[in-house]
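J.: Just passing along the structure, written as structure tokens.
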Amino acid sequence: MAQEYTVEQLNHGRKVYDFMRWDYWAFGISGLLLIAAIVIMGVRGFNWGLDFTGGTVIEITLEKPAEIDVMRDALQKAGFEEPMLQNFGSSHDIMVRMPPAEGETGGQVLGSQVLKVINESTNQNAAVKRIEFVGPSVGADLAQTGAMALMAALLSILVYVGFRFEWRLAAGVVIALAHDVIITLGILSLFHIEIDLTIVASLMSVIGYSLNDSIVVSDRIRENFRKIRRGTPYEIFNVSLTQTLHRTLITSGTTLMVILMLYLFGGPVLEGFSLTMLIGVSIGTASSIYVASALALKLGMKREHMLQQKVEKEGADQPSILP
């Protein structure tokens with residue numbers, strides 16, 4: 001008669017959380033969120049920023065540093081819609097981005113009007129350094145390039161994880177990453193948050209962060225499949241997730257605190273980036289457990305899939321952790 005064991009014995013006597021017990025609930029919630037995100041994106045679309053729609057960029061040199069918020073408020077009160085201001089180079093140089101102006105003459109007129117408002121609001125004699133018009137065609141190219149970059153990243157991850165681990169884990173990881181990006185985009189669309197190049201950068205960062213979480217869990221699953229001889233795949237997945245839970249919570253918690261500080265104190269320039277990261281990291285932390293891992297288990301992940309493809313003598317591999 002085979003010796004009975006408890007799942008805690010597989011984890012050296014420590015408590016094991018039954019994560020996989022809630023896999024169908026997790027799949028259901030994730031599925032509803034994905035459908036909702038896709039519908040929202042289809043109905044509301046995106047609030048594309050000047051990086052994608054085109055616009056006028058005006059570089060202005062100030063006599064002395066001035067508050068960005070003061071100049072932005074003055075421009076809005078003067079009737080300019082959605083002006084984007086940021087320092088570049090030094091505290092005396094600012095860049096103003098405005099919606100498209102018709103032709104070169106329109107850009108020059110717009111530059112003069114913006115300069116007048118800034119001079120009046122700061123009580124100084126600033127000068128226009130450069131005026132540049134970015135056409136909609138350039139913005140469309142940027143949008144296409146950004147989408148291709150996201151797709152290339154997901155494809156590269158699929159190839160790497162499939163080679164490094166196993167295709168079932170690779171499928172779970174890539175689906176989880178796509179899940180994170182789609183839901184994040186759905187939330188951005190829902191709240192009509194402006195999509196610019198910093199948002200694309202934050203989405204790439206979310207993919208990288210979520211991938212790191214999933215790789216850590218996948219590596220522990222592979223290690224435990226080789227070390228733990230008596231556990232079922234269900235038990236080994238739960239043991240692996242329990243063992244990496246502390247690391248996941250600490251890493252995600254500290255990361256979210258830093259991003260929250262960026263959101264609260266980073267100003268309008270970093271607001272979209274930090275908000276996207278807050279949403280994506282939160283979703284990615286959950287998906288690394290309840291999408292990537294649970295999906296790999298549902299795809300039939302077994303011990304033999306993780307072991308080296310060679311004939312080994314019984315007991316020649318790492319010894320069981322059970323007596």
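In case you wondered, yes, glycine gets a Cβ from its N, Cα and C as well.
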J.: Do the topological domain labels in Swiss-Prot for GLU67 and ASN224 match, putting them on the same side of the membrane?
T.: no
J.: Top stretch among 23-43, 171-191, 248-270 for CB pairs under 8 A with the transmembrane segment (281-301)?
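T.: Answer is 171-191, with the largest number of Cβ pairs below 8 Å.
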J.: What residues in the same chain, six or more past the boundaries of the transmembrane segment (23-43), come closer than 8 Å to it by Cβ-Cβ distance?
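T.: Residues 179, 182-183, 185-187, 189-190, 286-287, 290-291, 294-295, 297-298 contact the transmembrane segment (23-43) from elsewhere in the chain.
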